[in-house]
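Engineer: What follows is a single structure, and I will ask about it in a moment.
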Amino acid sequence: MDTRPFRSVLYIPGSKERALHKATTLPTDAIIFDLEDAVAIDEKPRARRLLADTLQDLDYGPRVQLVRINALNTEWGADDLDVISAARPEAILLPKVDSAAHIEDLARRLDARPETADTRIWAMMESPLGVLNALDIASAPRMAGFIMGTNDLAKDMGLRYRADRMPLFTSLQMGLLAAKARGLVAVDGVYNAFRDGAGLRAECEQGRDMGFDGKTLIHPSQLEIANTIFAPSSDEIDTARRQIDAYNAAVARGEGVAVLDGKIVENLHIVTAKQILAKADALAS
Ligand SMILES: CC(C)(COP(=O)(O)OP(=O)(O)OC[C@H]1O[C@@H](n2cnc3c(N)ncnc32)[C@H](O)[C@@H]1OP(=O)(O)O)[C@@H](O)C(=O)NCCC(=O)NCCSC(=O)C[C@H](O)C(=O)O
Ligand SMILES: [Mg+2]
């Protein structure tokens, strides 16, 4: 699994030059350079050219870079891949993935080009069939992560948006289970009301509790909330340190279980505690 942080994953329309520049200074862990739904049909050829040039010219530092091309069964997908390949993309995010065959097709095309020898694949989990095939998709070649596409899921399932996201829960969990089973990164869907900080905060808390690694975002104003909520809190860091101390003391006494704050601490809790501290250290540096 990729151990870099994915707390915040910001979509940027590939057609918006100013936003593409702005992102070189934004505190986002990862960027999705979008050629799909954020780009109008008439703009698609210009956007893919602009994006290919931008990726070669600008320095996005440590931010993970994903390029969302159009699906390969659309009139734009193959051209997107041709033009973007020249920029040696770190990862291609494929939308509307229904089955592992979609990933295998993309992997074959990447295999055929020396520039994309190391390019990883991410999949949008955003159709009922895709969610039902999540484990096969997660097991396909070059796979590195899932992004939940909650808008397309809502459309295809005919569900209504609710603040508790109950109608989306099965899909979110199926995506998460498949990603975690195969050691992939799992990133939650977008919160459309980008000026509603309280709503975003609640949805980030929910996604964090479920086990998502981060949240996809559509506006820079959403970054701070996601970065805060998907980072280990000071309470979590303190508890992790004390768990490790308590467990080490128990082991030194010849015991396999410690008790801290009235709760048991076993070796599996130490795995989680160490992951929390490693993530905190990575973010601090
Ligand atoms: C939502 C927006 C259209 C709002 O745009 P705008 O009104 O221009 O915002 P602001 O004036 O507040 O912008 C302030 C400055 O921030 C920059 N900016 C805005 N958005 C971004 C961004 N995403 N990344 C980087 N920089 C951004 C502006 O350029 C301004 O900069 P400056 O002038 O220098 O101060 C707009 O935010 C937007 O287009 N967002 C992205 C929308 C998008 O990508 N949608 C597609 C992804 S969501 C999706 O597809 C879901 C999925 O597939 C599913 O099915 O669920
Ligand atoms: Mg979508």
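For all residues, glycine too, the Cβ spot is worked out from N, Cα and C.
Heads up, here are the entries from TrEMBL:
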DOMAIN    7-220  domain 'HpcH/HpaI aldolase/citrate lyase'
BINDING   ARG68, GLU126  substrate binding site
BINDING   GLU126, ASP152  Mg(2+) binding site
Engineer: Could you check which of the binding-site residues ARG68, GLU126, ASP152 have their CB within less than 6 A of ligand 1?
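Structural biologist: Checking each Cβ against ligand 1, the ones under 6 Å are GLU126, ASP152.
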Engineer: So how many other Cβ atoms are close to GLU126 (substrate binding site), meaning within 10 Å of its Cβ?
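Structural biologist: Its Cβ has 25 other Cβ atoms within 10 Å.
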Engineer: Just checking: which of the binding-site residues ARG68, GLU126, ASP152 have a C-beta under 6 Å from ligand 2?
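Structural biologist: What lies within reach of ligand 2, judged by Cβ under 6 Å, is GLU126, ASP152.
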Engineer: Under DSSP, is GLU126 (substrate binding site) helix, strand or coil?
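Structural biologist: Assignment for GLU126 (substrate binding site) reads coil.
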Engineer: Express the distance between the Cα positions of ASP152 (Mg(2+) binding site) and GLU126 (substrate binding site) as a whole number of Å.
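Structural biologist: ASP152 (Mg(2+) binding site) to GLU126 (substrate binding site), Cα-Cα distance: 5 Å.
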Engineer: Quick one: what's DSSP say for ARG68 (substrate binding site), helix, strand or coil?
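Structural biologist: Reduced to three states, the DSSP call for ARG68 (substrate binding site) is strand.
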Engineer: Would you count the other CB atoms within 10 A of the CB of ARG68 (substrate binding site), including those on all shown protein chains?
Structural biologist: 24
Engineer: Please report the DSSP secondary structure of ASP152 (Mg(2+) binding site), reduced to three states.
Structural biologist: helix
Engineer: Averaged across the domain 'HpcH/HpaI aldolase/citrate lyase' (7-220), what pLDDT does the model get? Just tell me the whole number, please.
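Structural biologist: Mean pLDDT for the domain 'HpcH/HpaI aldolase/citrate lyase' (7-220): 98.
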